[in-house]
Amino acid sequence: MTSHSAEVAADFKDALQDLKQNSRPEISTLTIIAKENTEHAEAISRVLEDHIKTTRPEWKLPALYVLDSIVKNVGTPYTVYLGRNLYRTFIDAYFIMDSGTRKAMEGLLKTWKQPVPESMDARPVFQPEVTRDIETALIRFRTVAMQQQPRSTPIPTRPLPTPPPQNWAPPPQAPTYTPPPFSMPPATPLPAAPLPAASLPAPALQLAQLLAQFQAAPPPPFPVPSPQPFYQPFQQPFQQPFQQPLPPPLSTPQPPAQTLPLPPALGPYPTALPTFDPNWLQNAMKTMNTSTPQHTAVENGIQVSTESMKVARRDLIMSKLYGPATSQCGTCGRRFDTTPEGRDQKAKHLDRHFKVRTSLAENRAIHRSWYIGEKEWIDYHEIDEASPEFDSVGATVAVPNKTKDKYVPIPDVKDGGRKPCPICQEEFEDHYLPEEDEWVWMDAVNNNGRIYHATCWEEYSRGASDSVPGKRKNMDEGARPGKKRVF
Amino acid sequence: MMSIPGLNLTAAPPETLNLPQAIVTRTKVLAANTEYRFEVAFSRTLAIKLLFGTGTAEFFGTELAPNSTYTFQGTKGAIYTWEGCTLEITGEAQSEYTGEETQMMSYANAHLALEELREKSLHSRDHGPRVLIVGPENVGKTSLAKILTSYAVKSGRQPMVVNLDPRQGMLSAPGSLSAAAFSSILDIEDGWGSSPISGPSPVPVKMPLVYHYGLGNPEEGKLFRPLVTRMALAVTSRLEGDTESRQAGFIIDSPGAISQGKGGVYENIEHIISEFSVNILFVIGSERLYSDLTRIYSNSNYNADEPVAVVRLDKSGGCVDRDETYMKQFRQAQIRSYFFGHKGDNALGPNSQMADFDDLSIFRVIDGSNGHADFRPGDDDDVYGYGTTIYERVTPSSMIQNSLLAITTASANDKHETIRDSSVRGYIYVADVDDVKKKVRLLSPQPGHTPPNAMILGSFPEDVPGLVG
């Protein structure tokens, strides 16, 4: 960030601090500042994200409206910078909001999936990947909230109904049902956004209403900051026409009886698979949340059992496999988090691709290397090429082909400085390696922080494996083949 | 075609291209939860590209980068999409269709269940899940192993993968048993990826530990179980110091033959479970095997420190039988790629060298057909006793032409058990034998003297004629 950039960002920050209500003039001013300073978009975006993250809950929504206004009225590069962390920005705020504000946020999200109204550009405001991840998380949040309802609710059980149509709304009797507060926080937190305690008391009923409205209501009007607060007390949840009186009577085949034998060793039978749903509300939720009518298991207990493998956990799978890491490498498809660490990793990863391409272009003769020996393999540790320690231990993209060609960078004084090889007690010789632009010790390996001559180490390892390698010692200590060893 | 002066080596496959291939490019729209299944001959190429912005797609769990072209040769595979996508496909497939019924949901569930155990092991500093996959041939055991590995890598883990199926090598030649920790993505075009080479590799190389078994069937001979024991010791020792891999646990892929059983007894499966302290057993495709193993491991007589969870998974509708012809071609392609690399852009240059008969210490695996008493788990004296004859020393003759020799780390004077238990440095190929001059022409992965170490010659993999033209 240049100093000028920092200045602009600081101004923008000051203006944001004053934004304590949904005020159109203030939001317009902030949008204009952003528009006139697109060259500092990154700094401004960061300030805005920070503000949304740190400001008091009741001031978050106006700040989100600033974000909305900027991405819709200015567009790129803000959509890019703000899109990177949008998941965190949005979800973190969402979880500590009350239900009315959440609804407003859902309205915002909905407009972000569409093109800017009256714009020539047919693309959505944010890339579909960005909004999809947020939606996945919201759906999961609702699922989790729903599952927190105690299973013992003494409401008469009903058979699993045929999935009602998408726009099915809860029957009016619903308000008489008041779920007790949550007693059991989820044991496995959401992968990217743990539920803060504050959000737990949100009753499932409210969520259901929210969701029903969100699904059934026409898209809310374009929520560019309006003079009146968008926030409205939540009091007319059941305005939707009552389209389907009750779930149809028992007509669907019930879930197959669980007849497969379970190994007793597996512990308790998964309780997450009720044959009947405790109440209609869950069924209604389910048909809206998931595309399949199957049950969603409580997520803190994916049992290792045959039955558990058949449960459809689509949303959980999507959020685990595609949710948390949304920034993808264009060359190999690997995904990275959108956190600062994730960005560093990705930069390093892309750097490696570049280095590989460059040296492949040099077209040197290469060949298969020998496999490493047993002893060496046992001491070997994988290091992720994108992790910060990848270079510092002297690993290179190319595995040195000969023992004598191995090298390590000359260690710093603080890392112990110059020490002779512990095996032969001789000093290392300094070499300059032009391709690495670094001074190194040739014929050297780093094993657990100590530097040895590679040849000495190999000799030593071979000697060791000729006699009895490391793991054979285990046997001497009593663990014998064919007998159960304790890990 | 590449050639090496003086030897006329060729990296080209021996198959002839019969007809000029019409390159047809088409797009294929996949609905959510479906997969594009394809088979490509060894003499053909199929290029697949995921169009940008149309969704995500994965090849046995490894995600495709959008707008990158992946080319396949001699492959039977499937591109799965969780949420729908559009593929652009160029080239000719032997067969291709869209599969609607897949087992991806249950395989992903298996991953989620393992992830929970890994998460627990992170807190308890204990071992992560120790998985063995069993089932008959062609039910997708290796595919499941790849999916579980890819998903684990994607979740930031470094799982250890152990291949005990000699019929197809992992990061090595067929006939071997190998293990490696995976910290980087699997190579979509090249099976499990590549073992180390002397230059850069676009997908990071994996670091395998390799033992040579030398037979195709684990039920024959008496080498399999001692090697499983050896591998288990090495992996266990590695995991003692390797925290990341210990917490990620390991996944063992097994040969279909051990799932046949004799009257409900599965000696090799039980041996693997006991040696590796397996605690999760995925049984694919065979109800009978599942039922037998459930009985064995739920039996209160089963005396173990920790219970074994036996979980049945269904076979994917995409599994196809791979006949012996295909498997043979597949193995030859694996051996070719060991010496020459997988494709043009990282083609390797092996070294041709001459050696005297006296330079080679070749130990031929004595076939199981004349084997003595069966090895049983617990018969320690038999494994580590002395004087057992496992190999016979052979002098080079035209018999060994076109065969693959495993160079061990043992010396020629070592006991047979030591030779058997020593890991493999690499493979050399016998290109030619001159009985008169008593010289052999060898293909070695790298330049330098032919190592004086003991070399194992097995009946498996079979001869590879035409590797060197």
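Quick reminder: no glycine exception, Cβ is built from N, Cα and C everywhere.
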Residue from B:K76, B:K206, B:K222, B:K262 that TrEMBL also lists as binding ATP with B:E35, B:N138, B:V139, B:G140, B:K141, B:T142, B:S143:
B:K76
Of these binding-site residues, B:K76, B:K141, which scores lowest on Cβ atoms within 10 Å?
B:K76
Return the residue, from the listed binding-site residues B:N138, B:T142, B:S143, with the maximum count of other C-beta atoms within 10 angstroms of its C-beta.
B:S143
If I restrict to non-local contacts, at least six residues apart, and a C-beta distance under 8 angstroms, what lies near B:E35 (ATP binding site) in its own chain?
B:A78, B:I79, B:Y80, B:T81, B:T98, B:G99, B:T102, B:M104, B:G318
B:V139 (ATP binding site), number of other Cβ atoms within 10 Å:
22
Near the Cβ of B:G140 (ATP binding site), how many other Cβ atoms are there if near means within 10 Å?
25
Can you tell me how spread out the ATP site is, meaning the largest CA to CA distance among B:E35, B:K76, B:N138, B:V139, B:G140, B:K141, B:T142, B:S143, in Å?
18
Per DSSP, what is the residue count of the domain 'Clp1 N-terminal' (B:30-120) in each of helix, strand and coil?
17 helix, 40 strand, 34 coil
Could you tell me the mean pLDDT over the domain 'Clp1 C-terminal' (B:348-461), as a whole number?
83
